[in-house]
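Participant: Per Swiss-Prot, the features are:
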| type | residues | note |
| --- | --- | --- |
| DOMAIN | 1-67 | domain 'Plastocyanin-like 1' |
| REGION | 1-21 | region 'Disordered' |
| BINDING | His2 | Cu cation 1 binding site |
| BINDING | His4, His48 | Cu cation 2 binding site |
| BINDING | His50 | Cu cation 3 binding site |
| DOMAIN | 79-238 | domain 'Plastocyanin-like 2' |
| DOMAIN | 354-488 | domain 'Plastocyanin-like 3' |
| BINDING | His397 | Cu cation 4 binding site |
Amino acid sequence: MHWHGLSQSTAPFSDGSPQASQWPIKPGEYFDYEIRPNVGEAGTHFYHSHVGFQAVSAAGPLIVEEKHGKSPPFPYDEERILFISELYNKTDSMTETELLRPYDVVRCFPGMSANETDTPEPWVMPDPSLVESCGPEVIQVDPDKTYRMRVIGGPALNLVTMGFEDHQELSIMAADGKYTKLAKTERIQIASGQRFDFLLHTKTEDELRRLGKSAFWIQMESRYRPMNVSSYALLSYNTPSDLAFNQTTDLVPPEKQPLTLPNKVYDWLEYVLEPLEPNGFPTADKVNRTVVLTSLQLIAKEGVYAAVSNRTWTETNQHRNNTPFWKREHQAGTPYLVDIFRRGDEAIPDYETTVQKHGGWDPDLNVYVAKVGEVIDIIMVNQPNGLDIGFDLHPWHIHGGHIYDLGSGPGSYNATANEEKLKGYNPVIRDTTMLYKYTPGQYVGENKNFTDQGWRAWRLHVQDPGVWMVHCHTLQHMIMGMQTVWMMGNASEITRGVSPESLEGYLNYGGDAYGNASYDPIVQHHFDYGLQQILQ
């Protein structure tokens with residue numbers, strides 16, 4: 001289980017990324033995770049499985065409240081959580097099998113009506129004899145109040161744009177759990193892995209009376225899919241029964257869409273969000289090196305692959321020893337973090353050799369390396385190949401310490417031009433931002449001629465040693481290989497001086513740190529001292 005947004009606050013082996021930071025949990029067993037949010041990490045996060053397609057349903061909100069006695073920087077009356085997810089009419093195993101079969105082509109699954117959740121099996125139509133059906137979510141609010149709306153991007157695949165009928169004055173106050181200066185917007189846009197907090201001030205009773213209604217549609221639409229799906233929820237006011245405009249709204253989608261949401265999504269809030277407080281943004285002269293991660297889809301007779309710079313990584317096949325991306329044999333060795341605890345610096349590639357010969361990537365372990373204290377510009381590039389499947393957008397996510405988001409644009413990345421755009425602007429700290437597509441794939445890259453068709457730039461100040469994932473957060477793309485692993489720091493920094501003898505139960509597959517119905521796990525508590533201090 002991954003604690004999305006709080007990776008840097010986890011105990012060793014608690015990041016939840018199997019084969020990177022821990023052994024997988026055996027069926028029928030369980031594992032105690034330990035996290036300790038730090039002051040300054042209050043915000044909107046979520047948890048989800050990090051295995052296969054499980055995160056489409058094994059996920060939920062994770063809200064870190066302010067330290068006792070401290071108030072949020074912006075006043076509001078109440079808050080609501082909007083957790084956006086997707087429903088597929090196939091099982092997880094069906095989806096994974098189709099993604100990994102030879103010559104498979106990833107397509108959008110058909111949109112489903114609201115009442116198709118009432119099914120005896122997840123891949124059949126509902127029983128028409130069922131009395132109850134699943135209608136839109138109803139979000140209750142009171143008139144003339146300010147609400148903090150916490151929106152969490154839990155979809156597997158889709159980027160979602162959403163608007164609120166007759167409520168277009170929204171103010172972003174936080175992104176990915178970090179407070180920002182207030183930024184006005186008329187709609188919200190969110191992809192897998194992202195979180196946005198915004199303020200919504202509800203209408204007064206007089207305003208509701210003039211409008212003649214007390215319920216308003218929340219309209220959500222997917223983008224960049226062969227079939228863009230529209231979904232709805234309701235913003236419903238609690239109003240006195242004696243008011244003439246008090247009404248009952250039919251819980252079926254409206255025949256006519258109440259809002260017209262734009263198709264253009266790639267410029268939403270770009271170079272707009274700024275941190276509420278200074279965040280230590282390192283300027284270009286502090287950058288030590290640049291790493292380019294190219295997102296592309298590759299086709300071989302074995303199947304279709306979502307790759308990073310012509311390489312793939314999954315929890316079942318780490319492609320160690322420079323094995324090609326199309327090799328399908330299961331190749332799951334010792335998890336990298338476990339190996340570092342066992343063998344120390346011998347389990348970490350030589351930094352100088354890796355950087356000088358391979359741009360920071362080690363072909364033997366299929367990992368990237370970084371030194372604590374260095375500043376790295378990470379440039380994600382979108383390269384279509386002119387084939388029908390070869391072009392998509394990607395929500396890139398980083399575990400561990402978060403990044404400064406330097407913006408995005410079409411074509412190839414130009415560092416000089418982007419630095420000009422950054423003048424007078426302080427980038428925010430994020431953990432998930434979008435690598436967009438700016439043109440339909442059929443118009444570029446003919447005959448498998450890969451060309452740059454979009455970029456996203458990050459600046460990472462390496463301060464959190466560990467074994468961390470950097471990957472596309474689209475679940476389908478993760479299954480197809482669009483993931484990377486980074487070793488940040490040396491062995492003593494990563495292990496923090498903890499001896500392997502005290503962690504033996506974590507270092508073996510099915511060790512005694514994993515419990516089951518017969519026995520409780522033997523847990524090494526890493527934050528006991530800190531928790532005692534807090535309680536005092």
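A Cβ is built for glycine as well, from the same backbone N, Cα and C atoms used for every other residue.
For the listed features, I'd like the structural context: burial, neighbours, distances.
Facilitator: As a whole-number mean, the pLDDT of the domain 'Plastocyanin-like 1' (1-67) in this prediction is 94.
Within the chain carrying the region 'Disordered' (1-21), a Cβ under 8 angstroms from the stretch's Cβ atoms is held by residues 33-38, 41, 43-51, 58, 62, 64, 176-177, 193, 195, 315-316, 318, 332-333, 335-338, 341, 397, 399-402, 431, 464, 466-469, 485, 495-496, 498, 503, 506, 513, 524-527, all 6 or more beyond its ends.
Remark: His2 (Cu cation 1 binding site) has Asp15, Gly16, Ser17, Tyr47, His48, Ser49, His50, His399 as non-local neighbours, by Cβ distance under 8 Å and separation of at least 6 in sequence.
Annotation note: His48 (Cu cation 2 binding site) sits in a strand segment as assigned by DSSP. Neighbours of His48 (Cu cation 2 binding site), defined as other CB atoms within 10 A of its CB across all chains, total 24.
Just so you know, the Cβ of His50 (Cu cation 3 binding site) picks up 26 other Cβ atoms within 10 Å once every protein chain is counted.
Break the domain 'Plastocyanin-like 3' (354-488) down by DSSP state and the numbers are 24 helix, 52 strand, 59 coil.
Around His397 (Cu cation 4 binding site), the same-chain residues six or more apart in sequence whose CB sits under 8 Å from its CB are His4, Gly193, Asp431, Thr432, Met469, Val470, His471, Cys472, His473, listed in sequence order.
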Participant: Using DSSP, what's the helix, strand and coil tally for the domain 'Plastocyanin-like 1' (1-67)?
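Facilitator: Secondary-structure breakdown of the domain 'Plastocyanin-like 1' (1-67): 6 helix, 21 strand, 40 coil.
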Participant: CB neighbours of His4 (Cu cation 2 binding site) within 10 A?
Facilitator: 28
